[in-house]
Amino acid sequence: IFSALDKDVDAEDHGKGQRSPKLCGTNYPVSIAFIVVNEFCERFSYYGMKAVLTLYFIHYLHWDKNLSTAVYHAFSSLCYFTPLLGAVIADSWLGKFRTVIYLSIVYVIGHVVKSVGAIPDVGDSTVHVVLSMLGLVLIAFGTGGIKPCVAAFGGDQFDEEHVKERRKFFSIFYMSINAGSVLWKNGRNLVIPVDLVFIAGSGLYKKSPPEGNVLVRVCKCIGFAIRNRWNNSKKSPKRSHWLDWAEEKYPKRLIQEIKMVFRVLVLYIPLPMFWALFDQQGSRWTLQATRMNMDFVMGVCFCVVKMLNALLILVFIPIFDMGVYPLIGLCRIKLTPLKKMAAGMILAALAFCAATVVEINVIKSVVEPPPAKESLVQVYNLMDSEVTVQFPGHTVFSDPLKSYEDPSGYTSLPLTGESQLYTVTVTHNGAEYQCGLTFTERTAYSLFLHTAQPGDTVCKLVKDHITKSETGAAYLSVCCDYQYLPEFYAAADYGISQNISVPRGEYNGVVCKTNSDQYLIDLGLLDFGAFYTVILSKESNGLTFKKMEDIQANNIHIAWQVPQYVFITAGEVMFSITGLEFSYSQAPASMKSVLQAGWLMTVAFGNVIVLIVAEGAGMEQWTEFLLFAGLLVAVSIIFSIMAYFYTYVDPDQLDKIFREDTDDEKVESSDGKKNEAVSLTDMPKQTKM
């Protein structure tokens, strides 16, 4: 490593003049192969850790789901805020090459610390939490710090005239990110090779030296311009741009570079809304999938859908680069980068429209928890003939209930307060029985009616668990009028068991036994997300049972999520890859990593938007999806208007305009008059939008 860093010092002295060997006679430098493989390894490692992070919090650190989710999103946000720090270090101090190496070491240390914190024999729970959090912070600084440097460093390897090849590099670079996410299993083993792969290409890289403390100079220049304008706006003539008020102290080139960066950063303002939708694949869309039927159909299953976005990226990038974009060009439609990004936003909005349609159908099989001052109740009639049930003041069960009939579903029961005592009247064979039952708000109940002894009616009220499993498992409870329980209920109390979670599958030959008897029953299929109650009865000919479905199984197949993933992935190809290349192409040489960091920070702010809307809106999931889709359409319109007035510039032309003269003196023309300060209007332009 240190040998490579020593060579790096010499290489930076002639960084811009160095030419890397080309791949197989093309215009692609050999050095980008090391950069692409490095990114693959880093993403492989990152997704390998992140894929199990929430489960690690819940099952190892024993945090609840809310805290685990909050820390997970905080870590994700930090990973996209820290690129600004990495960009400043690269552009102002170490250069991109050294920054990637040093922060990769920090990244490795973070993984080691976190892994030590996961060893059961190392300290108590407090030590585990401290080491885990310290490791995650180091990982966030490591992975976030190298993000803007690797992409910008890859772009630096191309000669100025090879714009087309550089644009395709960003597509290949993005493919390596998603290839790493697809193959995330056991990714933590590839942390250390990140440094080794990157260093292996040290002698081939084109390394531009850092430009000094760019961010500090930029801040001072902006501050001076604001103060100077405030102090002299009435005394001095107006200037074409407010940053021109810094001309008395700062070079014209620096002022023009800041103008270029500002114009791009203004375009970034609407962009977090795209990421607010995109990042819900790992939260809202995953939760939606857990309430769907995850049976295998044509090879589609939950694990495949979870990585469908990354798989589609690998397919869509070459399709768009070699098919879609050239076809649009043949139609004489000029598809500029900003037009691509606007189209990507619309596609992401369509993805959430598709998710809304899916969600509306998914919730049909979900029982929502009752609100305040309400309970839910369903009745099982286990008696030998029909009964009627009356709640005083309400007609919640107006029709007679047949013997051993499947319950018609939960019925809402209004309460006068947090809880209420109801005297329920049960009529059976002309006789009336009174049952005093207490119901609590926000709770679901099952009321079992059965005869323990001739002439006596028993009302048994049981609290129900109605939240569907996040893994798609079924829930099963058993009601016995005799002490016969399935083998997996060996420890259950006599009567009505608690709900247990069982994997989806066929349950044939289930053993039911007491101390002296044993029977086999066939429960059949216990389907995804369904809730079942099995009624066991002892009769003269043996044991009989009846399986009742309390809550409907997940009947919408997970394959219906594929369209929304197709839309969001197509939008990502048009938005994210284009934005990555746009950020590089419109940034001056000294600020490329800073602008890359600004691009990545839009992802962090997108996560913040999700947290604000999700926590503050308090609306149904399908309406939230529709809200996000509508917001993104509105934002895409605003972005399109902003993009229409944006004029593309070529930052490399700054060298030609200013040549090698970086002082702030105005160059006098041949007639002795001074030229005006160079502005963006003097630079070579491309078309708008």
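Glycine is no exception: its Cβ is also placed from the backbone N, Cα and C atoms.
TrEMBL does not curate its annotations; it predicts them automatically.
Look at TrEMBL and you will find 667-676 tagged as compositional bias 'Basic and acidic residues'.
Positions annotated as region 'Disordered' by TrEMBL: 661-689.
Annotation source TrEMBL lists transmembrane segment at 44-63 (among others).
Marked as transmembrane segment by TrEMBL: 69-88 (among others).
According to TrEMBL, the feature transmembrane segment maps to 100-119 (among others).
Annotated transmembrane segment per TrEMBL: 125-146 (among others), in sequence order.
For the transmembrane segment (260-277), the list of distant contacts is 218, 243, 338, 341, 344-345, 348-349, 351-352, 568, 571, 575, 579, 582-583, 586-588, 591, 594-595, 598-599, 602-603, 605-610, 613, 628-629, 631-632, 635-636, 638-639, 642-643, 646, 649, 651, 680: same-chain residues at least six beyond its ends, Cβ to Cβ under 8 Å. Taken from TrEMBL, the feature transmembrane segment applies to 260-277 (among others).
The annotation transmembrane segment is assigned in TrEMBL to 297-320 (among others).
Per TrEMBL, the feature transmembrane segment maps to 341-363 (among others). Using a Cβ-Cβ cut-off under 8 Å and counting only residues 6 or more beyond its ends in the same chain, the transmembrane segment (341-363) has close neighbours at 271, 273-274, 277-278, 284-285, 288, 291-292, 554, 556, 560-561, 563-568, 570-576, 578-579, 582, 620-622, 625-626, 628-630, 632-633, 635-636, 639-640, 643.
Note on the transmembrane segment (594-614): residues 73, 76-81, 83-84, 86-88, 91, 144, 147-149, 151-152, 214-215, 261, 264-265, 268, 271-280, 283-284, 579-580, 583-584, 586-587, 624, 627-628 of its chain, located 6 or more positions outside it, place their CB under 8 angstroms from a CB of the stretch. Sequence annotations record features per position, and here TrEMBL assigns transmembrane segment to 594-614 (among others).
The transmembrane segment annotation in TrEMBL covers 626-649 (among others).
The transmembrane segment (69-88) shares the most Cβ pairs under 8 Å with 125-146, out of the stretches 44-63, 100-119, 125-146.
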